[in-house]
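Structure, as structure tokens:
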Amino acid sequence: MENTKDLTEHSTHSERKRRDSFGMFDGYDSCSEDTSSSSSSDESEEEVAPLPSSLPIIKNNGQVYTYPDGKSGMATCEMCGMVGVRDAFYSKTKRFCSVSCSRSYSSNSKKASILARLQGKPPTKKAKVLQKQPLVAKLAAYAQYQATLQSQAKTKSAVSLEGFSWGNYINSNSFIAAPVTCFKHAPMGTCWGDISENVRVEVPNTDCSLPTKVFWIAGIVKLAGYNALLRYEGFESDSSLDFWCNICGSDIHPVGWCAASGKPLVPPRTIQHKYTNWKAFLVKRLTGAKTLPPDFSQKVSESMQYPFKPSMRVEVVDKTHLCRTRVAIVESVIGGRLRLVYEESEDKTDDFWCHMYSPLIHHIGWSRSIGHRFKRSDITKKQDGHFDTPPHLFAKVKEVDQSGEWYKEGMKLEAIDPLNLSAICVATIRKVLADGFLMIGIDGSEAADGSDWFCYHATSPSIFPVGFCEINMIELTPPRGYTKLPFKWFDYLRETGSIAAPVKLFNKDVPNHGFRVGMKLEAVDLMEPRLVCVATVTRIIHRLLRIHFDGWEEEYDQWVDCESPDLYPVGWCQLTGYQLQPPAPQTSRESQSGSSKQKKKAKSQQYKGHKKKRKMPVGKKPVSLSSLPMTGGVRRSLSGDEELTPPPYRTLPAQTAPEAFPPPSTSREFSPSLKTVTPLQLKEELLDGEEYSFLQGASDQESNGSASYYIKQEP
């Protein structure tokens, strides 16, 4: 054994000496293992007899856990609880995953927390110092802890994200994702620049056995939102080690970052043999190539600073009575999305999710200023720490001139039903408010007291002139109970004695949004606004997008404006820490399809209107709306999550925002050009050993212009 050990140490020393001759470990001596300091820890540890293979560990509920292959199987770190290959663990007894864990364990003050942590219980300050437990007990505690986590995960209402990967989903189906530039409200939406295929970046090299973190250069093969498929430089057409990553992640850097930061560049082990002079190879390949702007990471950080902060007070639509607003408190901010808790909610479960630029939220006093209905709070004064949100933080609406020809009460139009976003319905202007705001009611399904009227601005892209659906071949939903089918606007206006709202009053601006049919994105289910789902653009009518939620029936599709703040690029959830809902599994789709077929009935002459259906993720309880305090008509609510608590989200650290944070503009405010790598720059960076540590070895797109807004289009 001693001879073998000496031989191993000699070969390791020779290998290190050979590599040092190339200057590969210059300045990295601190990364070598400190054997002298670790030996003292090893000697202080108690010897534990090797476990027999297939050692059973019996839980209280009778479930058996087996420790595989005794000596050479898996091991659990007694300090941090990490599970790994036993041979890779430190110390003679293989009780710790690293030298640091071995040293930390020697402190008696931490012994009391180890077993409690493995059991999933936080240690108390008065916990007594425990005696060292045998490894069997530790493994049993860890098995118990893992089983508890698994049982808790099964009870969650949201669809499991385990196993879903945007990269695999796009690759396996050859999907195309909407570019980041389509989403002006999203991080980097206005300063994405010319990031595209063939752009080079510096990324961690995962195909390397060195003990320290090293980097290599990779090129973008495919771009999908924030996510990019990267290939290490030197692999040519070999895609075996291609990998997906988020371009805005902290490990992605422009070419030259390693030189400036003193980080080592190491070619992947798979292609080490291909070239003898990697410096010359990189100079040749990177000369004239494009990379990220040098301030890219700074721009990412700045674009993820949000002016809304917890404890701010806003006015938001009352989800149980759409015709009025209520005061709500910002509880949390994730990626610009706000979790608002209504002020009267004592247990903070009566909440509402929306984006900070949503048209559903306003500054305190907005309702009074325009004549909108408002529910006064039972709380007479502000609670400590709560403060009104500055008005300039909210999205601005276009100014309109109401002095001339304007909307009048009783005028007819077509509007997206806010409670059934898959339908565009016959609607009526019920009240004209100040500053261009209108109260709209859906014909045939209004509550007797008007509690489900909805407020739209005159420039809203969700209202349309009479005949819009017919011209663009969209199914128009007639009033509930209307018998004269097919529906004809001319007959309906004559029968009701109404007039159509003038066409010239509607918003006909169509931006060059960049969306195409079939593009993938992440979209909010506006009937469950706490959920962000995998989605597809299935139809485009000027600025109107038909959003389909992957894995669900078409009846759950929603009409959304191209500039809606509820649409996000692929990878947005990963970037911001929000929870993404993956496509519904096959079993859910089959049961869903079967139930839909059973509900189909024979056609009748009387139209009864769309039944309000709500998309429920697997395991989610349907919410009854029978308790909503409405009178007459159909009880309707903006959201079906009244009795649900939001899933646990990772809270982002508080960020300091500038004093004035204007809403995003439709024009590009900042568009940096990609940095071009020059030969001189490469030589300076690659050949200067002091600055650069180089290691070797180891359509349905009908129209994007306003001119043809009312020209009949093909479906």
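Using N, Cα and C of the backbone, Cβ positions are placed for all residues, glycine too.
Keep in mind it's a predicted model, so treat the numbers as computed, not measured.
Here TrEMBL gives region 'Disordered' for one range in the set 91-115, 291-315, 691-715: that range is 691-715. A mean pLDDT of 94 is what the model gives for the repeat 'MBT' (276-372). The DSSP breakdown of the repeat 'MBT' (374-479) into helical (H, G, I), extended (E, B) and coil residues amounts to 10 helix, 31 strand, 65 coil.
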